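Annotated features in TrEMBL:
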DOMAIN    7-156  domain 'Ferritin-like diiron'
BINDING   24, 59, 62, 104, 138  Fe cation binding site
């Protein structure tokens, strides 16, 4: 049955939203793997576990917002398979932060591509929605991870990581 509320909502935008939902859920899955790893008894960095758990929750919220938006515009949510996490273990917290930073940049690029699709179809509502609810937050996440990377390089391994983890717990 066709949607009665659909207006100026191009099929390419609908497909791109579904793609972005999958990307957000994939990021959620990656962050869950990171959180679980740092919660292990043989790793025991609770602050990093907490940080990545919060990141997982944010990505899940993004996917839910996009699903709600898809339905609001008269589109159809099509969920696809989520890839297995690329890694199950990380050599150091610095390597994990580098991984997360790269992941956030990929998510951001996909959002920028989606914004371009919306703009190309003169969909002001979708463009505004992305700008208001996603793009600023992505830039802030990238900036936060870049600063974490700088601080982890600064503190080095060992006691520095332990103290940084304690700071993340608060």
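The backbone N, Cα and C atoms fix where each Cβ goes, and this holds for glycine too.
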**OP:** Helix, strand, coil: count each for the residues of the domain 'Ferritin-like diiron' (7-156), based on DSSP.
**Re:** 116 helix, 0 strand, 34 coil
Original post:
Can you count the other CB atoms that lie within 10 A of the CB of residue 59 (Fe cation binding site)?
Top reply: 23
